[in-house]
Amino acid sequence: MLRTMLNGKIHRATVTHADLHYVGSITIDADLMDAANLVDGEQVHVVNITNGHRLVTYVLTGERGSGVIGINGAAARLVAPGDLVIIISYVQLTEAERATHRPHVVHVDANNRIVALGDDLAEPVPGSDQKSGALLP
């Protein structure tokens, strides 16, 4: 049996641009892609914290060190520059693989610079007033 598990997550990234007339996808800074274990063309889910919309698209590699989080194509109707988003990739694992799998969690600041890396899915952004997801009722 395969289980679908979280593989990579960029938490609370700020959307830098949205272009309705660009070929559909999400452009992500290559540094963030590496940290979250994402590859060009990989399917990701994008959760818009600002308005609650969720969408599925694929990744395009953005300029390294630029902080770019660009929403392209039809998804630009659901996400606007300045919105906070969570970008999530999943992987299918056997039970044996699941036992040793560690997700890649990337926390970023308002400029999409990496502030912390980890594998705890419930850990809040360091230095924020967020509560751990593990502590919620």
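Counting starts with 1 at the first residue shown.
The backbone N, Cα and C atoms fix where each Cβ goes, and this holds for glycine too.
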Field: Same-site residue for substrate (record: Swiss-Prot; known: GLY73, ALA74, ALA75; options: THR57, THR94)
entry: THR57
Statement: In whole Å, the longest Cα-Cα distance within the recorded substrate binders THR57, GLY73, ALA74, ALA75 is 10
Query: Just counting, how many other CB atoms are there within 10 A of the CB of THR57 (substrate binding site)?
result: 20
- prompt: For the recorded substrate site formed by THR57, GLY73, ALA74, ALA75, which further same-chain residues have Cβ atoms within 8 Å of the site's Cβ center?
  reply: GLY24, SER25, ILE26, LEU55, ILE71, ASN72, ALA76, LEU78
